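Annotated features in TrEMBL:
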DOMAIN    74-106  domain 'Alpha-D-phosphohexomutase alpha/beta/alpha'
BINDING   Ser84, Asp298, Asp300, Asp302  Mg(2+) binding site
ACT_SITE  Ser84  active site, phosphoserine intermediate
DOMAIN    119-191  domain 'Alpha-D-phosphohexomutase alpha/beta/alpha'
DOMAIN    223-305  domain 'Phosphoacetylglucosamine mutase AMG1'
DOMAIN    321-472  domain 'Phosphoacetylglucosamine mutase AMG1'
BINDING   Glu402, Ala403, Asn404, Arg533, Pro534, Ser535, Gly536, Thr537, Arg542  substrate binding site
DOMAIN    491-562  domain 'Alpha-D-phosphohexomutase C-terminal'
Amino acid sequence: MPLSLTLSPQTNFTPSTMEEEQRSLLLSTASRFPLPQGFKPSYGTAGFRAEASLLPSTLYRMGILGALRALKTQSVIGIMITASHNQVSDNGVKIVDPTGGMLSQDWEPFADSLANAPTADCLIQLISDKIERCGEKKVEVLVGRDTRPSGPSLLEATKLGIGLIIGAVAIDVGILTTPQLHWMVRASNCSTRAAEFDYFEQLSMSFRCLMDLIPGGGESIEGFHKLVVDGANGVGGEKLLVLKEMLNLKGLELEVRNTGSGGGVLNEGVGADFVQKEKVVPSGFGSQDVGIRCASLDGDADRFVYFIVPSKNSDKIELVDGDKILSLFAIFIKEQLSILMKKTDGAGNDYQCRIGVVQTAYANGASTDYLKQLGLEVVLTPTGVKHLHEKAAQYDIGIYFEANGHGTVLFSEPFLHWLEAKNDELSSGAQDPEQRNAALRLLAVSKLINQAIGDAISGILLVEAILRHMKWSIHRWSELYHDLPSKQLKVKVVDRTAVVTANAETEVVKPPGLQEAINAETAKYSKGRCFIRPSGTEDVIRVYAEASTQDEANTLANSVANLADKFLGLGGGSKS
């Protein structure tokens, strides 16, 4: 039976309150969720992830953390129970901060300490230290989950943890995509409507706005209308069907496969992660899809890629990855800005908009060169969505994507205020209709895209609107540039912390001499580029190499892997 605690208006958070009202409850419930022997969870970009049977203690404790975080910030906090693109037997948990973004990095050590507390007494001490610095107003923690069968039991553990902290209330928001929960937390803290229906309504209205603004009424080339989406047998396919019912798709025929309702297994031979890594058709796709525009979501719908089935005689695909999604968004936004900012009647504009494109070193060099040729400012950050998002937020319009299809577009508040005022100005009198349409399109993009986190559903809608606007087929989009051949390897090492990098992980600072050796090797190859970086989770060094041919990329990667092994490896040339 769920534990319920009530709070009177006079209750204060003091050490004695913790001892008298909560200590015994924590002791009795913590004993039901012991930390599995040998299990050492670590909070990262993906939160906690593991085989689901190991996680009840972690979810119980993250319920407590979510409640403490909500009290500390005096805001709505989210907890998402998902393992994204992992196999169905896994699960995990992510904490969503008041902005709709990921848990603040300065709370990650506390999350690790809480999850790894060896005894109930240790757990209580950690909570006591934190609770004394938290606020008193009643707060809500929104808890969502994906479609994994382990979700319901982990949900109960999470709600129990939340309920132990006086003043915090658990709100079960049901089965959602990860981006939906992030959106709902962000909307809740902005005092706007934040139900799942409101999410769908905002997406559908902004999508229709973009479609209505297409020059010439959206006429397109033959074969454009059909889009087939692989739902990864997860929550994304299910939610896309809901959105399809709401949308007036205006000639776009949307077919969703692998929704999970037909007996398929989550992420097994399906989903964006599988498609992007294996570069073969997902289950349920084949010769009938040759030439048709196809897309694939991942298990919790926070990333997506497009692909083409080029031949009836092969299961290979032509991948349109996150780098090309970023390029498409950048082209469209830059075009609309150019129209909006053009001088009329000798007058200029009073806002200097900074647009930035943010990538990691893993972005294909051809994509980076292409974006720079467009005149865009391109910057690199260390690997990890939190680094990309933080950097993109420094621009008026910041666009970031990883090759795996995770990314979004951020608009600064000052720019949006200016844009709304500019739209009002252009709406009055005999103004240039082309400029007003550009303003309306940018406003619609800011509402369609999920600015809290990468969102496969909103991202697909934006891709579809832009392709229709540009009158581009997926083949035209795919031909923007051609990726350089690349190769990735891992080298086992004694201590990964012996490698220290700089300049967004593209240069080795320690050990001395290794970067010079890498430079000398890379210089031997046409269009050669290579870097190494330590793994965040295991004692391996990751090697990435590019060159003008696949054979050269393979050789460069192996040569640099050997250098890494020579400088700090196990001495056995162990690489994979």
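Placement of Cβ uses the backbone N, Cα and C atoms for every residue, glycine included.
TrEMBL: automatically predicted annotations, no manual curation.
Mean per-residue pLDDT, taken over the domain 'Alpha-D-phosphohexomutase alpha/beta/alpha' (119-191), amounts to 93.
Its Cβ placed at the centre, Ser84 (Mg(2+) binding site) has 26 other Cβ atoms within 10 Å. Cβ contacts within 10 Å of Pro534 (substrate binding site), excluding its own Cβ and spanning all protein chains shown: 21. Through the fold, the domain 'Alpha-D-phosphohexomutase alpha/beta/alpha' (74-106) approaches residues 43, 45-52, 55, 58-59, 62-63, 65-67, 135, 137, 139-146, 148-151, 154-155, 158, 162, 176, 178, 181-189, 232, 265-268, 271-274, 298-300, 302-303, 385-386, 389, 451-453 of its own chain, all at least 6 residues removed from its boundaries and within a Cβ separation under 8 Å.
Between the listed binding-site residues, namely Asp300, Glu402, the fewest other CB atoms within 10 angstroms of a CB are found at Glu402. The stretch in closest packing with the domain 'Phosphoacetylglucosamine mutase AMG1' (321-472), judged by the count of Cβ pairs under 8 Å and taken from 119-191, 223-305, 491-562, is 223-305. Secondary structure of the domain 'Alpha-D-phosphohexomutase alpha/beta/alpha' (119-191) per DSSP, as helix, strand and coil residue counts: 37 helix, 15 strand, 21 coil.
Annotation for Gly536 (substrate binding site): same-chain Cβ neighbours under 8 Å, separated by at least 6 residues, are Gly44, Gly384. Counting every protein chain shown, the Cβ of Asp302 (Mg(2+) binding site) has 31 other Cβ atoms within 10 Å. Same-chain neighbours of the Mg(2+) site beyond Ser84, Asp298, Asp300, Asp302, judged by a C-beta within 8 angstroms of the site's C-beta center, are, in sequence order, Thr82, His85, Thr177, Thr178, Gly234, Gly236, Leu297, Gly299, Ala301, Arg303, Ala456. Note on proximity: among Glu402, Asn404, Pro534, Arg542, the binding-site residues of the record, the Cα nearest Asp300 (Mg(2+) binding site) is that of Asn404. Put simply, Ser84 is the one of the binding-site residues Ser84, Asp298, Asp302 whose Cα lies nearest to the Cα of Pro534 (substrate binding site).
Residue pair Asp302 (Mg(2+) binding site) / Asn404 (substrate binding site) shows a Cα separation of 10 Å. The Cβ of Arg542 (substrate binding site) lies under 8 Å from the Cβ of Gln488, Leu489, Lys490, Ile532, Arg533, Pro534, Ser535, each of these being in the same chain and 6 or more residues away along the sequence.
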